[in-house]
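Here is what TrEMBL records for this protein:
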{"type": "REPEAT", "residues": "47-82", "note": "repeat 'PPR'"}
{"type": "REPEAT", "residues": "83-117", "note": "repeat 'PPR'"}
{"type": "REPEAT", "residues": "156-192", "note": "repeat 'PPR'"}
{"type": "REPEAT", "residues": "193-227", "note": "repeat 'PPR'"}
{"type": "REPEAT", "residues": "228-262", "note": "repeat 'PPR'"}
{"type": "REPEAT", "residues": "263-297", "note": "repeat 'PPR'"}
{"type": "REPEAT", "residues": "333-367", "note": "repeat 'PPR'"}
{"type": "REPEAT", "residues": "403-437", "note": "repeat 'PPR'"}
{"type": "REPEAT", "residues": "438-472", "note": "repeat 'PPR'"}
{"type": "REPEAT", "residues": "508-542", "note": "repeat 'PPR'"}
{"type": "REPEAT", "residues": "543-577", "note": "repeat 'PPR'"}
{"type": "REPEAT", "residues": "578-612", "note": "repeat 'PPR'"}
Amino acid sequence: MARAGVNKVAANICTFGILIRCFSTVGRLDLAFAAFGQVIKMGWREQVMALNQLIKGLCDGKMTSDAIDIVFRRMPKLGCTPDVFSYNILIKGLCAEKKSQEALELLRHMTDDGGYNCPPDVVSYNTVIDGLFKEGEVDKAYILFHEMLGRGFAPDLVTYNSIIDLVLCRIVGMLEEAVRLLKKMSGGGLQPNVVTYNLLIDYYCKIGRCTEARNIFDSMVRRGQNPNVTTYCSMLHGYATKGALVDMHDLLDLMIRDSIPLEHRVFNILIRAYAKHETVDKAMAAFIEMQQKGLRPNVVTYNTLIDILCKTGRVEDAVCHFNQMVSEGLSPDIISFNSLIQGLCTVGEWKKVEELAFEMINRGIHPDARFLNAIMDTLCKEGRVVEAQDFFDLVIRTGVKPDVVSYNILIDGYCLDGKMDESIKLLDRMVSIGLRPDIVTYSALLNGYCKNGRVDDALALYREMFSKDVKPNAITYNIMLHGLFQARRIVAAREFYMKMVDSGTQLGINTYNIVLGGLCENSCVDEALRIFEGLRSKEFQLEVWTFNIMINALLKVGRIDEAKGLFSAIVLSGPVPDVITYNLMIESHIKEGLLEESDELFLSMEKNGCAANSRMLNTIVRRLLEKGDVRRAGTYLTKIDEKNFSLEASTAALLISIVSERKLREESLTAISRHVKDLREAQKESTFSDENNKATAIGRDIQEIYDKLKDSSLPKGLFTKEQPWKDVYITELLNCIKEEHMKDFEQEYCLAEKIEWATEDTDIAVGDYVSAWYSMLWSCAQELKHGRHYFIALGEIYRVAQILHLSLQCFKPWVLAYPGMLH
C-alpha cells in the first residue's frame, strides 16, 4: 500500500531539500551530497534552496571552507546564483568558527557588487557585528554599525540589542550612548524586549547601581514585559555583591511568586552571598535547600562551596564536599582542584596536596605554570611565602615546569617578607635552569632592598641589571627614587631624577608624586614647589594626591596662606578634592583657632559629595579636644557614632585624659557616653580573660580620678576662722538649685527642702545633706567600676564633686561647728 502511494507521488526539489536538511542535521553529509546528486541528475534548475541546505550542513559541521568552495566555485559551474541566504549561512558559519574578519570581508564582497548583485540585508550586518563583538573587535563592530546606518539599512531589535550590549559591556563611560540608542530605537517604532532590559539591568548591577537597576526592572513589568530567570539572576547578583541581603530576599520571594524556576544559577548566587556577608552555615543551608527542591548541585555549585569553605578555614568540610561531588559522578575541574589545593596549602596538609595534584593528572587535568602561579600568588599575598615555596617544590616533582612568572612571585614574596638572601638564591636558581630574569624580577629585588634599608645593594643590583641588558621601566625608576628619598640620600635621588629627565624618559604622575613627596620629607619644600609649579605651567595632568603632598608640606612649614591658595586652586579648576585634602585644611583651621571656618569647610565637603572617613573624624575630635572645645568635639563624636565608626586609641586616651583633668563640660557628656562600646566589651570580657585586660586598667584610672575628686571636695582654707555670714551662702545655693541643669537632682534628692531644714536644725540636716551628695558620688563610683556607662558615671562624679564643693562652701559655718558629720 505504501509502495503504491510512493509510485503515485513524484519527488520534487522541495522533497530533496527536506532530505538534504535532515541528513545534514544528523551529521550524514555523505547522504546529503548523494541526495543533491539526484537533484543534478533530475536536471532541476531551481537548485539554490537545496544547495543552501547543503551549505548549512557543512557550516554546522565546521567545514566552512568547503561551503565557501560550493558558493564561489561549484554554484557558478552549475549555473546557479547564490542568494542572500547563501551568503548569510556562510557569514554565520565563519563567525561561529571565530573568523569574524573573514565574515567582514565576505560582507564587503556583497556590498561592493561582487556578490552577484546580491546586497546584504540586516541579518548579514547583525551576524558580523555580533561576531566581531564576541571576538573583542569592539571598535570594528561599532564602525560597522554606523556603516550600516550610512547605507540606509534600518536596524532591527537584534541590531540594537547587540550594539547596546557592546556599548555597555566593552566601551567605558558610554552609558549616555546606550540611552541615546534606546531613544532612537523607540523613535523608530521598536520597543525594548526582555533582552534589552536584561542588558541594562545587568550593567547597572555590575557597577553597583542596584537602585537604578530595580527602577528599570519595575518599568519593564509595567510595560508588560515579563522578567525571566536571567533578569532575576542579574538583580540577585547585584544585591548579593553589595551585601543588600534584605533586598535580595525580597526579590527572591517575588521570583517564587512569579513561578520563575530556581535553577542552579540562583542557588550559586545565594550560597556565595551568604558566605561572604553572613555565615558559612547559611550558605550550607542554601546548599541543602537546593537539594530538597530536587536540584542536583553541579560542578559550579560545588566549586563555590569548596572555595568558601577553604577561605573560612573549614578545609576538612571542603574535602568532604569534594569527595561527595566525585561520588555523585561529577568531574572536578581545574577550579575545584585550585580551591582545594590552596586550602590544603594554608593548613599545611602537604601529603594531601601531593595526592590531589597526582589525582588531577590521572583525571587528565595537567597542572601548568599558570595553575602553579595562581596558587602561589594567593599564598604570597596572604604572607604565606613558606607555604608557597613548599607548594612550588611539590608541583615541580609532578613534572610541572615553572616559568619566569613563578620565580618572580616567590622572589617578590620573600622580598616583602624581608628575606633577601632567599630571594637572591631563587634568582641564582632560575638563571641556572636557563630562565632569564626580566624587569619584574629586578624590580621585586630592588623594592626588597629599598624596603629593608639596603639602598647600596639596590644601587649595585640596578647597575647589574643594565649589564644584563634589562631595561628599567617606570616602576623600576619609581622604586629607586622612593628608596633613595626614604634613606635620605637626597643628592643621589636628585641625580637619579635628573638622569631620568635628561634621558628623555616619559615621567608619569606617580614619579612626580614620589619626587615631590621625597623632597618635601627632606625639607626641600621650595625645590618641590618649583617642580610643582613647572608642571602646572605645562598643564601637566596633576591628580589630587599631588596637591595633597604640596598642601601638607606647606602646612607643616607654616606657609598656611600658600597652602590655602593651592586648596582654592583645586576647588576652582583642579581635580576634585578628596577626604585627605579636606582633612588637611580643616585640621589647619582648627590649629589656627578658625573653628567656625572649619565647620563650614566640613559642611561644604559633605555637600560636594565627599564623605568623611573614620580617620578624619577622629583627627578632628582630637584637635578640638586639644583646643578645649569639648562641645564642638561632641558634634563630631556624634558623627562617628552615626557612621558606626570606632574611636581610635589615641582619641579615647585623650578623652580619658581630659576627664581626669576636669576639663569635661556638662553638655558633652551625652555625646561622649555613646562612644564606650569598646570599653563595655572589655568590661564584659574581663571576667573571662586577664590577658590585656583594658577594663581593669580603666577601672584603676577611674578609681584614681574618683579618689582625687573626693579628696578635693573640701576646699583649701575651709577650716578658717573668718567665714562670711551663712545667709549669703544659703541664698546663693538656693539660686543654684533653681537652674535648669539641677532639676533632676532637685527632684530625686529634695535639695531645697534639705536646705530649709538646715536653717532650723544644722546638726542633722547638714549631715543628711552632705550624706545625700556622697551617696550620689558613691553610686557613680560603683557604676564606674562594675557597670557599663563609664563616661556617664565619670561625668556625674565630676559634677557631684563640684556641687558638693560649692555646698560645703555655703555651709562652712555649720561644717566648722560639726566637723564630725563628714566622717
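If you go along the chain as it appears here, the first residue is 1 and each next one adds 1.
A Cβ is built for glycine as well, from the same backbone N, Cα and C atoms used for every other residue.
Residues of the repeat 'PPR' (508-542) grouped by DSSP class, helix first, strand second and coil last, total 26 helix, 0 strand, 9 coil. Long-range contacts of the repeat 'PPR' (438-472) within its own chain (CB-CB distance under 8 A, at least 6 residues past either end) are made by residues 404-405, 407-408, 411-412, 414-416, 418, 420, 423-424, 427, 430, 479-480, 482-484, 486-487, 489, 492. Residue counts for the repeat 'PPR' (228-262) under DSSP, helix first, then strand, then coil, are 27 helix, 0 strand, 8 coil.
Across the repeat 'PPR' (543-577), DSSP classifies residues as 27 helix, 0 strand, 8 coil. Panel annotation: around the repeat 'PPR' (543-577), residues 509, 512-513, 516-517, 520, 525, 528-529, 532, 535, 584-585, 588, 592, 605, 608, 610 of the same chain, lying at least six beyond its termini, place a Cβ under 8 Å from a Cβ of the stretch.
Within the chain carrying the repeat 'PPR' (263-297), a Cβ under 8 angstroms from the stretch's Cβ atoms is held by residues 229, 232-233, 236-237, 239-240, 243, 245, 248, 252, 255, 304-305, 308-309, 312, 314, 325, 328, all 6 or more beyond its ends. The average pLDDT for the repeat 'PPR' (83-117) in the predicted structure is 82. Under DSSP, the residues of the repeat 'PPR' (263-297) split into helix, strand and coil as follows: 27 helix, 0 strand, 8 coil. Broken down with DSSP, the repeat 'PPR' (333-367) shows 26 helix, 0 strand, 9 coil.
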